[in-house]
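Annotated features in TrEMBL:
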type	residues	note
ACT_SITE	E461	active site, proton donor/acceptor
DISULFID	C111-C135	disulfide bond
DOMAIN	27-149	domain 'FZ'
DOMAIN	175-491	domain 'Peptidase M14'
REGION	584-618	region 'Disordered'
SIGNAL	1-24	signal peptide
Amino acid sequence: MPPPRPLLLLTVLVFAAARPGCEFERNPAVTCVDLQLRTCSDAAYNHTAFPTLLRHRSWEVVEASSEYILLSVLHQLLEGQCNPDLRLLGCAVLAPRCEGGQVRRPCRHICEGLREACQPAFDAIDMAWPYFLDCHRYFTSEDEGCYDPLEKLRGGLEADEALPSGLPPTFIRFSHHSYAQMVRVLRRTASRCAHVARTYSIGRSFDGRELLVIEFSSRPGQHELMEPEVKLIGNIHGNEVAGREILIYLAQYLCSEYLLGNPRIQRLLNTTRIHLLPSMNPDGYEVAAAEGAGYNGWTSGRQNAQNLDLNRNFPDLTSEYYQLAETRGVRSDHIPIPQHYWWGKVAPETKAIMKWMQTIPFVLSASLHGGDLVVSYPFDFSKHPQEEKMFSPTPDEKMFKLLSRAYADVHPMMMDRSENRCGGNFLKRGSIINGADWYSFTGGMSDFNYLHTNCFEITVELGCVKFPPEEALYTLWQHNKESLLNFVETVHRGIKGVVMDKFGKPVKNARILVKGIRHDITTAPDGDYWRLLPPGTHIVIAQAPGYTKVIKKVILPARMKRAGRVDFILQPLGVGPRNFLHGLRRTGPHDPLGGASSLGEATEPDPLRARRQPSADGSKPWWWSYFTSLSTHRPRWLLKY
């Protein structure tokens, strides 16, 4: 007996609602037309079809839609985060791919991965996840023939670039590398040395280029107990390219020499985890490279795509340090990022570096620049802000000088006795200088490393020509190779060890204090620590909340080449008030990068939350008026409340 007509109609409606946007499945033959949306001009395909998955039936309707307007401004709304990935994902729905009269849907797993990564950015501006990026409704599985809408971002970068015939795999081409060439070389190198190397991304630039890192370690991708972590960063200023190329060469050299059995390199990679980021500012590099070597001006391409100087874009913790240092009994290390910092423009490249630093317990770092020939070390910001040049040492002045000399003393040009050469004005200082004593500036990366984390970072100026000609690159490599290796090896100076309780359980975030040096470091999640120290006798203290402190005397000989092992076993405090000095740790605001300590577990960054909280009075978010002014269609689907 057939069901009544109303019930039959209801059955049809329920089925249709359960299968939204299936008109292409029921009518698979469609007419493909040229893709004409400016916002989607860089999609991985050239043809689309009407009606779209959102049932738009013309270009005019698409361009007037609030969905298209959102894609057009998403870059600015999220301040570069998840760009251009989300825009291309949205284009795959607003202008679906059409091939041979068939519409192809984007892959569901791509959508799900992006939602997991980008949801915090939407939460930070109090915006709901867009309905048309519903991973189950508008996307499909690989079994059903989906495609990757982000394939163009990776297009040409996955493929291996064959070396000229007859050349050995250890061959290094001393030339400038475009972004695509750099990525190919790093990935090819990691593939050749897969047992000791890997590549990974720490984020994207403002224009959407991957900030690609190559890592070398006996166990790539894992932090090993008491194995120190080192990072080398190049191209923070886009037009200072020598560091970018030298790190590309260094990656190939480490791989080749390891495979050839070089005992020094094998020992280094087996005892150290090394991270190389050749280009922190790939967008700026593109501007500089367009002018080319020898034609590049002093500033063309220096900034990122937002016109921000990345080495002035980090939080100014040095000013706060100077205030804290005058107060007895207050810690002046691991200073939290102030909330007001997030009210300014923060580059996605800067956020990526800060998250990276909070994820990995770096001990040592160098930032490679160009424009002079000298090694500088913190502080870079003068103790008296009005003083453009003023010696402003950190509590670890002796150690920073040792680190700087480790680079300069084996660099042939830095040790050249001619005062007429590049960097000759630093000759009497041994080609090293305190940063603020050279020139003072705020918002630098080195000061931030020292005051927010355990990491000691120096700045290396590689030469007076910021964009050297190609014929000079081999000589630059030869001048800096030994300096780089010698510097990385200094991470094994000082002491290292594990802090644990009486049951052998690691104590994370325990403090390691050195008497006479007002700068503490903290233990990693596994309870291990590294404390860079100059030779001499040191009184070292370990303490943590709920435990008694332990004091040890340590003697480090001048010729000691390996870090001394100093472990601590902390005993729990008895019943009663805990005598841990809470006053030594300031209670700062919630850290928008995740809230964990600088050595704690990595958490999803949320850098805009402090700046754009939901309105307490229930009013619309700050971005709502923008959409209502541009379109008659009010996108209430973007409201969370």
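Placement of Cβ uses the backbone N, Cα and C atoms for every residue, glycine included.
Automated prediction, rather than curation, is the source of TrEMBL annotations.
When Cβ atoms from all protein chains are considered, those within 10 Å of C135 (disulfide bond) total 19, not counting its own. The CA atom of C111 (disulfide bond) is located 42 Å away from the CA atom of the residue listed as 'active site, proton donor/acceptor'.
A straight line from the CA of C135 (disulfide bond) to the CA of the residue listed as 'active site, proton donor/acceptor' spans 48 Å. In the domain 'FZ' (27-149), helix, strand and coil residues by DSSP number 54 helix, 14 strand, 55 coil.
In sequence order, H369, G370, G371, D372, L373, V374, V375, S376, G423 are the residues near the residue listed as 'active site, proton donor/acceptor', counting only same-chain partners six or more apart with C-beta under 8 A. Just so you know, the Cβ of C111 (disulfide bond) picks up 24 other Cβ atoms within 10 Å once every protein chain is counted.
On the 0 to 100 pLDDT scale, the domain 'Peptidase M14' (175-491) averages 95 in this prediction.
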